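Enquirer: Can you keep this structure in mind? I'll have questions shortly.
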Amino acid sequence: MADLPQKVSNLSINNKENGGGGGKSSYVPPHLRSRGKPSFERSTPKQEDKVTGGDFFRRAGRQTGNNGGFFGFSKERNGGTSANYNRGGSSNYKSSGNRWVNGKHIPGPKNAKLEAELFGVHDDPDYHSSGIKFDNYDNIPVDASGKDVPEPILDFSSPPLDELLMENIKLASFTKPTPVQKYSIPIVTKGRDLMACAQTGSGKTGGFLFPLFTELFRSGPSPVPEKAQSFYSRKGYPSALVLAPTRELATQIFEEARKFTYRSWVRPCVVYGGAPIGNQMREVDRGCDLLVATPGRLNDLLERGKVSLANIKYLVLDEADRMLDMGFEPQIRHIVEECDMPSVENRQTLMFSATFPVDIQHLARDFLDNYIFLSVGRVGSTSENITQRILYVDDMDKKSALLDLLSAEHKGLTLIFVETKRMADQLTDFLIMQNFKATAIHGDRTQAERERALSAFKANVADILVATAVAARGLDIPNVTHVINYDLPSDIDDYVHRIGRTGRAGNTGVATSFFNSNNQNIVKGLMEILNEANQEVPTFLSDLSRQNSRGGRTRGGGGFFNSRNNGSRDYRKHGGNGSFGSTRPRNTGTSNWGSIGGGFRNDNEKNGYGNSNASWW
C-alpha cells in the first residue's frame, strides 16, 4: 500500500474527460480491463419493481426465489429477537437448567449447537477472535483519576471475575484483558461509578459487560414487587440497563451479552425503534434481566407500562457523548431522573465513549457519584495501526477514483462512507453494475434490510459496505481492512470515528479519504491527526494549511475539535468548576445545546440526526 497514491495518480483518475461525474465516458476502469462483460445485465425495472440502493440483494432474491433476499435469510429478527434466541442458554434459561436456587447460581448444561452459534467454530479461519492482536495493547498508556482507585488486574482470573463468566470468556478466545478492561473490571466490582474514555476497538463493551455479569451472577435476581405479579400487570423488571444511541450498536451489545450470559440465569433483551414494538414487548414479558435499549424506544415502553426501572442496579451509557450530541439528553434525563429508577446513590452508573469533552463531563456529574475517570490511550485520536492516506479528488472524478482504488487494492472487507442516503444508494448501484458485491445501510432502510446487509458484510458475502453516518460510531465489524471516505465529514471527530472501523482490536488497517476544495474546513484537524499518528502529510494539505493560516480562516473543524486535547482529561484535576467531592444542583429541565459551550450547534439537519423518523428511535 506504500505506493498506492502513485498507482492512483498513474491511472489518471483526475482527468475530467474520464467522466468521473457521470455521462458517457471512454474511461475503462482497471478492474474491467482484464474482465469480460458483467455476469448480468441490469435492465430498467418495471415501475412496481423499482427499489433503491443495495437492490443487489432483492434482485438476486427474485432470481433465486428466496424471500429473504440474495442470501436466503428465511426469517427476520422482528425487533432484534428471533427464534434463534430462544433455543437455550441466555435466552431460554428456565428450560435449559440454568437457574438461581436458594441463593446459589446453578449453570445450565452445555449446548454444542448453541456454542457454535454464539462463539463460532474455533478452527474456522474467519473465526472472529482469532485475529485479535492482544499484545499490541501492552504499551497503551492508561490514566485513572479519582479517590481510592483500585489496582488494575493483569489477566482474566476468578476472583474478581465469576467462574462461569471465565468459561465464556475462554470460549470467546479472549486471552488477556485490554487496558480499559484491566481497570474497569476492578473498579466496577468494587462498586464504583466510572467514566471511561477509550479509542474505538479497545474492548469497551467487555469493559462494562464483564464486571456487570460477574456481579449479577453472584447476587442473583431482584424480587419482583408483589403488585406486579398478576398477569394483567406483567412488565419487565431488569436489573441492568444499557443505553445506546443506535439500533445497530444496541444489537451489537445484545449479541455480546448473549455470549457471556451463556448457561447463566441472566436473560438479555434488546429494544429499539424501526422494528415491531409488539414483538419486543413479548420478549420483555418472557423475562428480562439485562435490557439493552435506545432512548426513544425505551421511553415508549415506559409510557406503555411494559418496563419498570425500579430494580435497576447498573446503568450503562455507551457512546454517551454521541447520544447527547444527537439530542437524546431530554429522553435520557426522563429515563434516569423522572421514572422509577433508583437514585444515583442507590445504583452504579458507567459511562463509556471514545470522547468526553469537558462540557460533557460537566453534564455527566448529574448521573455519576464519586466516580473514577479512566482515560485509555490518546482519546480522540486515531490509532497508529491505521495507515491514513489523503488523496485529492474532485467530486466529478470520485467514481473513477473509487474504481481505480478498489482495483489497486481490494482485499478483505471495504467500508465506504458517504454523506447522504441518496449517495449511498447511488454508489451501491454503481458498484453492483461494475460487478462488485456491494450493499448499503442508512436510515431509510428497513430493519430487516439493514440486518441482512450487515450480516452479509460480516460474513464476507458482500465485501463492500456503503454507509452513512448511522454506522460511523460503535459498530464492531470484524476484519474491515480498508475504510474509504468517499465523502469527508465536516466534523473532524466524525473522521476519527469513521476510520476507527478498521485497525480494531490491535490489528492493522488502511483508511483512504477523497479530499477536495469542499473540505478545507477540516484541514487543520487532518494535519494534527496525521502528525500525531506519525502519518505522511500530503503536500497539497500542507500548502492549504499555510494558505489558511495566512488568510485567517476558521480551522476548528466543528464539533468537539476545539476541546480534543481536553477530551481525555479529568476536568476535576485540570480545571473547571468542581472537585472530586463536589456536587451541583440537578438540572431537571430540558437543555438547549446551543447555549452550552464547546462547539455544540444544531447540526442535526446536516448529519441526518434531526429526522423525527430516524431509525434509532
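Just so it is clear, glycine is given a Cβ too, placed from its N, Cα and C backbone atoms.
The shown structure was predicted, so the numbers you read here are calculated from the model rather than taken from an experiment.
Per Swiss-Prot, the feature ATP binding site maps to Ala198, Gln199, Thr200, Gly201, Ser202, Gly203, Lys204, Thr205; the stated evidence is sequence analysis. Annotation source Swiss-Prot lists compositional bias 'Polar residues' at 7-17, 79-90, 580-594. Residues annotated as compositional bias 'Basic and acidic residues' in Swiss-Prot: 38-58. Annotation comment: Swiss-Prot describes 185-374 as domain 'Helicase ATP-binding'. Annotation comment: Swiss-Prot describes 385-545 as domain 'Helicase C-terminal', evidence class sequence analysis. The feature region 'Disordered' is assigned by Swiss-Prot to 1-90, 542-617. Residues or ranges marked as motif 'Q motif' by Swiss-Prot: 154-182. Annotation source Swiss-Prot lists motif 'DEAD box' at 318-321.
Situate these features within the shown structure.
Expert: Cβ neighbour count for Thr205 (ATP binding site) (all protein chains, 10 Å cutoff from its Cβ): 23.
Restricting the average to the domain 'Helicase ATP-binding' (185-374) gives a pLDDT of 88.
Sequence-remote contacts of a segment are chain residues at least 6 beyond its ends whose Cβ falls under 8 Å from one of its Cβ atoms, and for the motif 'DEAD box' (318-321) they are 204-205, 208, 242-245, 249, 253, 351-357, 360, 364, 473-474, 560.
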Enquirer: Once the DSSP letters are reduced so that anything not helix or strand counts as coil, what is Gly203 (ATP binding site)?
Expert: coil
Enquirer: Applying a 10 Å Cβ distance cut-off over all chains shown, what neighbour count does Ser202 (ATP binding site) have?
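Expert: There are 27 such Cβ atoms around Ser202 (ATP binding site).
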Enquirer: Measuring CB to CB from Lys204 (ATP binding site), give everything in the same chain under 8 Å that is also at least six residues away in sequence.
Expert: Val180, Ala196, Ala198, Asp318, Phe352, Ser353
Enquirer: Over all shown protein chains, what is the count of other CB atoms within 10 A of the CB belonging to Ala198 (ATP binding site)?
Expert: 26
